[in-house]
Each structure stands twice: as C-alpha cells, then as structure tokens.
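Q: Okay, so TrEMBL annotates it like this:
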DOMAIN    A:47-228  domain 'ABC transmembrane type-1'
TRANSMEM  A:7-28  transmembrane segment
TRANSMEM  A:48-70  transmembrane segment
TRANSMEM  A:82-103  transmembrane segment
TRANSMEM  A:109-127  transmembrane segment
TRANSMEM  A:176-202  transmembrane segment
TRANSMEM  A:208-228  transmembrane segment
Amino acid sequence: MERTNKTIALIIKLIFWGLLAAFFVWAFTNSMFSTIVEQPDTFFRLLGEHVTIVLLSGAAAVLLAVPLGIFVTRPKFRKSEWLIIGIANLGQTVPSLAVLALAMGFLGIGISAAIVALFVYSLLPIIQNTIAGIDSVDDDMIDAAKGMGLTNSQILWKIELPNALTSIIAGVRTALVINIGTAALAYLVGAGGLGVWIFTGIRLFDNAFLMSGAVPVTLLAILIDYLFKWLQFALVPKGLRLARKAQNS
Amino acid sequence: MIHFNDVTKVYNGNVKAIENMNFNVEDGELVIMLGPSGCGKTTLLRMVNQLESITDGDIMLNGKSVKHSNKIEMRRNIGYVIQSNGLFPNMNIEDNAMIVPNLLGWDRKKMRDRFNTLMELVGLNPDQYRKRFPHELSGGQQQRVGVARALAADPPVMLMDEPFGALDPIIRTHLQEEFLQIQKELKKTILFVSHDIDEAVKMADKIALLKGGQMMQYAEPAKMLNKPANSFVAEFVGQDRVLKSMSLYTVKDLATALTLKPVSESLEAQNINENLSLRVAISKLLNQEADQLIVENNNGTNKGSITLDLIEQFLHREIKESV
Amino acid sequence: MTIPSLALFGIMIPILSLINEGIGTLPAVIALVLYSQLPIIRNTYTAINNVDPDIRDAANGIGLTTFQRLYKVELPNAIPLIMAGVRTATVLNIGVGAIATLIGAGGLGGIIYQGILRNNTTMILAGALSVAVLALIADLFLRLIENLFTPKGVKK
C-alpha cells in the first residue's frame, strides 16, 4: 500500500516536471522570453515596481491585521469576532479587479491606488489565520498559565503568540502569494509592474511579451511561497514542530 | 491555611454549583476533594486561585481573603497542577519548569540550581531533560515536570486537579507513591481533586466528599471508611470499605496496639514484613494453608505471628476509637 | 494556487494559440478548472483523512468492504469539509472569472473594465457589486445543498 502510493506519487511528480521541462524548452525554442533579453532595464524596473507594490501592501496589512486578530480574540472583545470576520468574508467576495478599480476611483491613477487595494485584499487571510491560530491554543494551557499567575499580556506574548505563529505566517504567505498575482493587474490603474508586459502581450497578440511577463510573475509567486515555507520552519519554536509531528502521527 | 467560609457559587443567576461550603485545610495537610462528576469539586478548587469567581462567602488563604487579593501575585504563590499537565509546547523543559521564578525575576544561577533540585526531586535527570521539549516526553514524565513546575517558586499551597488522572494505572501508582514521599519531605498544604476513592484513601490526610455542591462528609480516610456519615458516603466508598480501610494500617500498627501471637511450628506459615499493610496481610492469610503469618522486621527478626482473629480484634478497636 | 491567475491566463494563451484558441472562453475555462482543483482535492483528502480512526476501525470490524466503508461511513462524515472546499473554489472562481474579461472571455468583469477605461466609478461599483452578489448567491446555494446532503448526526 505504502509502496504503491509512493510509486504513484513519483510518477505524478515525473509527469509534472516533464511537462514543465517541455513547456520551457518549447518556450525557449520559440524565443518566448526574448523581451527580457532585449529590454533588461525595463524588465528590472517592472519587476521592482511589482515587488514594491506587493511588499508595501503586505507589510501594511500585517501591521494592521495581526493586531486586529489579537484584539478580537481578547475575551472582552470576543463578541466583535463575528463582525470582523463577517466584513472580511464579504470583502473577499468582491473581485480583486473591482477592489483595484475602486481604489483608483478614490486615489486616482498610480502606485498608491494599487498598494491600497492590495493592502485591503490581504487583510482577510491574515486576520483569519491570526484568529484561528490563537483559538487553536489549548484551553488547558491557558488555564495552567492563568493558574500560575501569568498576566494577560504575558499569556499573549509567551503562550498564545508563539503557539499561533505557524498559522499567522501561513496567513501572511497566502496573502503575499495572492498579492503577487493581483499586482499583475496593477497596470490597469497605472501602477506598472510585470502586468504591463502581460497586457501588452494580450493586446498585441505578442507571445514574447506575454510570456516575459507571465512566467516571471509565476516564478516570483513560487519563490515567495518557498521563502515563507522556510521562514515558517526557521521562526516557529522547535517544540511546536515536535508537537505538530506528534499530533499527525 | 485554607478556610472556606460559607462559600457559594451560583451560575447564570439560579444554578447553584456550590452551597454554603465550610471547611478548613490545616497547614501541611493533604486534603482530597472527592465526588461524582458535577459535584463541584473542581469549581471549588478553582475558586481558591480565583480562576472561578466566588458568588457569596469567601476563602481565606493564610488569613487573607482571596477575593480581595491581587490575583496575579496570589497565583504565583500557589502551585497549580492540572490533569493534562498544560506544559507549553513552545518552551523547553527548563523554561517550562522555571516560568514562575522567571516571572518573579530570579537570577539565572538561582533558577538553574532550583531546576536541578526539582528535577532530582521528581526523579528526572536535569541535564538529560533541560533542553528537551514536552512532546519528546512520555505522559508520566510530562506530569513529573508539571509537578516540578508547580513546586518551582516553593509555594506553601498547592492546588492539584486530578494530576494523575490521565496516566495508566502502573505509572499512576508510581507517581502517587513518589508524590507522597515528596510531600513527607516538603509538608505543603495541598488541596487535591480526585474521583478515585483508592487514590484518596492512599494519599489524603483528610477527604472531603461532595455531592451536588454540598459536603457529604469531611473526615480522615479511616473514619470515612469505618463510619460513613450517610448512605451516599457508604455507597460511594464501596461495600468493601472495611477492606479498603485495612490498607491504612500496617502490621506494625497492629503489633503496637495488640500483642502478637506466639509462632506455632505445626504448619508451613509464610513471613510478612511489619511495614506492609494489613490488607496485604489478609490477602496472604487467605492464600495459604496455615492460619498465621510470621511477622518480621526489616532485619528479618521474628517478632511473633498474626492471625485473622487478631486483625478482627484490631479492627473493632479502631472502629470504636474513630467514633 | 500559487500560480497567479492573470499569469496562468497569460501562459494559457500561447499554448492554446497552437490550436487557434488563444483568446476567448477556452483558456478562461481551463484556467478556472485548474484553479478549482486545489481547494477541492485538498479538502476532500483532509476530510476523509480526518474521519475518526475509531469509526473506521469499527467499520472494518463489523465487516464492511473498502467501498462500503467509503460510501457509508467516510463520505457522509466528510461532506461538510468537502463542500467547504467546493464553496471556496466557487467563490474564488467567480472573483477570478472577472479577470477573464481581460483575455477576451467576456463576463461581468467587462463592466468593471469598461468602468476603469472611462474612469466611471458608478460602472465599477455596479460591476463589483454584481460579481459580489453572484458569489454570495452561489455560496448560499451551495450551503443549501450541503445542508441537504449532510446527515443529521454529522451536523454541528
């Protein structure tokens, strides 16, 4: 059973990598990435814009969403949890394209509209994961901490946050990966980014432009995803990784 | 040390969890609160360190009202052990055990020494476990660390909520015995919640038997077994209560109270160490042909013999005395 | 999930233009199908995996075959989580679907896009609201179905 599962997983992996390799070979032989080679300066400018939008909006979202998540999990404000989550959930049903467009309506054309839109869009996953992370801390653990005379803020810093860290980082990771994709739409509000080439490609039916924009965006998303996976490993206390392992086995 | 004065707890305005509870836990006593689930024993325990509020009445801890004490400061002076040990998975064993001293601002050297002492006390090698994490330890080991953590700042009072309840029977017996040894040495004032009558008989100086938020009987284990206050107590302690009470006395107790019989050479009789309980003596007597056991002390010196008649005599005497 | 939606559309176009379907509905549909897979597969896997091992053990113990166990025990217990995956995928897809207009697949996103081009906030709002309402209705409808198919004992 174990063995067949592993074999199947290996075959699927091989097919996947094979297809990927075929795609890149095909793309290169048809000089799909020629735009990057021909205009490296533009490429790095667009990449810089893209990363700036993602990082600024992401950082702002973390600064607001994590404290907000902590706030609604305080016993006194527990009752406001449904409200915050409700608003955030509703916000998620509004398409990212519309959020961008609306931000432009208020802030005009430019990079600030894109940053604000992406900031708003990142809040939900981070708030949700912060709340879920803190909620998942075992009640007995909090009880023991209280019984030993830890103050509420000591419980938050020493117990709740370290134990919720995995979940919070996962939320930031989701938010950033989504953001990288949404930032490709930033071109529409005049904020630049790699979306510029993608849209040029679509409009001119020029596959070289299209691929030179789309593939780096994808790679950027995958890169950030892996970076945060690593960060999760590096930042989360060792005892918690063991706890997780013990639970899954 | 702990005085319950007319303590009452009412939930949602009308559900009475605890009704006019009055009793004292004296200095250095281990009191076990016993009762069926929902009897209010855990609520009562959690009222002492104010994890539950008190609706009416008050609890005096060392002469100070717990209602009017600073909760945080008070809790740091009370050891607290719960069933699922509540160790923090993000901290290693040393940080877990030393969390209260750490909050109290002890210096590093003092904490290290304290950790070493405590770990030796609970039977774990300090250096072997210092940097390990809770999930690398077995349930019994985790609970030992839980006890060490509660003892860390040397609190005069300890609250223990079914501390050995989640362990398997063999480990539980081990930990109970070890804890009794520790208690003999440290003489803490301990309030302990249990649902296991055998645990209570074995460990408690006094047992508080609760039902529906009311005290059914508050007495020494021997008295509760020999003279149950009412039919509920009698039923709770079990029909074999007299046999249970036999585990409270050693052969030596009997030898001090009564004269042992001379040893008759006629039949092959087994030996029994005088420090073993009468319960063991009865079991051995029933499990052999001869009607007597040869009592010997730790050096193997023969001190006479014991019979079922003699035990019965001793029992009558004890029951009369405990009235 | 990691692959950005517009990028996926973008990569789709040159590949599909090999069969002369580069722009239009087909790349949009393919991209959305790919997108839905992850939340649904992940939730279905987690749901069946999370069924209490004791229940599974009991099912084996009373002699159910693997298929009977899946059909009678594991799936009914897993429905809420599986449906949660379907709902996530649907709401997500309705949002991503709005972007499909940019590769010429039409849809409600077109209203938003026109709004952007003309700098018309009313149009943007109208487009955004219709997409949001569509997502909410779809979510509600799927909840209804979930409710219908979840055994009483499994509901919280």
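Just so you know, glycine gets a Cβ as well, placed from its N, Cα and C.
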Q: Within the same chain, where does the transmembrane segment (A:176-202) have neighbours whose Cβ lies under 8 angstroms from its own Cβ atoms, ignoring anything closer than 6 residues to its ends? I mean 6 or more beyond.
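A: Hits for the transmembrane segment (A:176-202): 35, 45-47, 49-50, 53-54, 57-58, 96-97, 100-101, 103-104, 109-111, 113-115, 117-118, 121-122, 125, 208-214, 216-217, 220-221, 224-225, 228.
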Q: For the transmembrane segment (A:109-127), I need the partner stretch with the highest count of C-beta pairs below 8 angstroms, choosing only from A:7-28, A:82-103, A:208-228.
A: A:82-103
Q: Near the transmembrane segment (A:7-28), which residues from the same chain, at least 6 beyond its ends, have a CB less than 8 A from one of its CBs?
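A: Non-local partners: 211, 215.
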Q: Within the same chain, where does the transmembrane segment (A:208-228) have neighbours whose Cβ lies under 8 angstroms from its own Cβ atoms, ignoring anything closer than 6 residues to its ends? I mean 6 or more beyond.
A: 27, 31-36, 43, 46-47, 50-51, 54, 169-170, 172-173, 176-177, 180-181, 184, 194-202
